[in-house]
Amino acid sequence: MAMYGGQIHLIIGPMFAGKSTELIRLVKRYQIARYKCLVVNYEKDARYGNGVRTHDNTCISAVPTASLDDVESISEHVEVIGIDEGQFFPNIVSFCERMANAGKVLIVAALDGTFQRKPFTNICELIPLAENVTKLNAVCMYCYKDASFSKRLGNETEIEIIGGSDKYKSVCRKCYFF
């Protein structure tokens, strides 16, 4: 089935905002419309096995990889590419631009900021290339207001620490500083 043109749809926000849920929802819509879809997830995120799984247990099968270069040949045979945990792929900008220019639809779910509220640079670079950017909020796990930030519970300083509610909380601006 021929696509009407390539595009990049970026879904950003803190942890527990529903980014993976939205990614799965959009990919399933394309599947219902009989588009060939590929979903990719970050290889080091082995919390849920082979697949993208939301915190409420919704799942879609996915190809695990550490580098988007590894799925480029598979990508030639699909029309829609979903990428979860996009912030962990260093070459996501060049990959998405190349694939969108080849007529493919890219749906990328990613954190926009680190636990230190610093930007994931590669995701920020993707924003001006995207046709659609959706910024989701979570619920603050302390005061239950809108949460725009991810707060790490441990004292680790490295950026890439894979985890769920055991390691992170979604928080509002006020509760970030508690």
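Even glycines carry a Cβ here, placed using N, Cα and C.
What Swiss-Prot annotates here:
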- GLU85: active site, proton acceptor (ACT_SITE)
- GLY13, PRO14, MET15, PHE16, ALA17, GLY18, LYS19, SER20: ATP binding site (BINDING)
- PHE115, ILE159, GLU160, ILE161, ILE162, GLY163: substrate binding site (BINDING)
- CYS140, CYS143, CYS172, CYS175: Zn(2+) binding site (BINDING)
Could you name the residues, excluding GLY13, PRO14, MET15, PHE16, ALA17, GLY18, LYS19, SER20, of the same chain that surround the ATP site, i.e. Cβ within 8 Å of the Cβ centre of those residues, in sequence order?
LEU111, LEU136, ALA138, SER170
Taking each of the binding-site residues GLY13, PRO14, GLY18 in turn and counting other Cβ atoms within 10 Å of its Cβ, which one has the fewest?
GLY18
About how far apart, in whole Å, are the alpha carbons (Cα) of GLY18 (ATP binding site) and CYS143 (Zn(2+) binding site)?
19
Tally every other Cβ atom lying within 10 Å of the Cβ atom of CYS140 (Zn(2+) binding site).
23
Which of the recorded positions listed here (GLU85, PHE115, CYS143, CYS175) have a Cα atom within 10 Å of the Cα of PRO14 (ATP binding site)?
PHE115
What does the structure give for the C-alpha distance between GLU85 (active site, proton acceptor) and CYS140 (Zn(2+) binding site)? Integer Å is fine.
21
If H, G and I count as helix, E and B as strand, and all else as coil, what does DSSP give for GLY18 (ATP binding site)?
coil
Alpha-carbon spacing, CYS140 (Zn(2+) binding site) to ALA17 (ATP binding site), which is rounded to whole Å:
10
Other than CYS140, CYS143, CYS172, CYS175 themselves, what residues in this chain have Cβ atoms within 8 Å of the centroid of the Zn(2+) site's Cβ atoms?
MET141, TYR142, TYR144, LYS145, ALA147, VAL171, ARG173, LYS174, TYR176
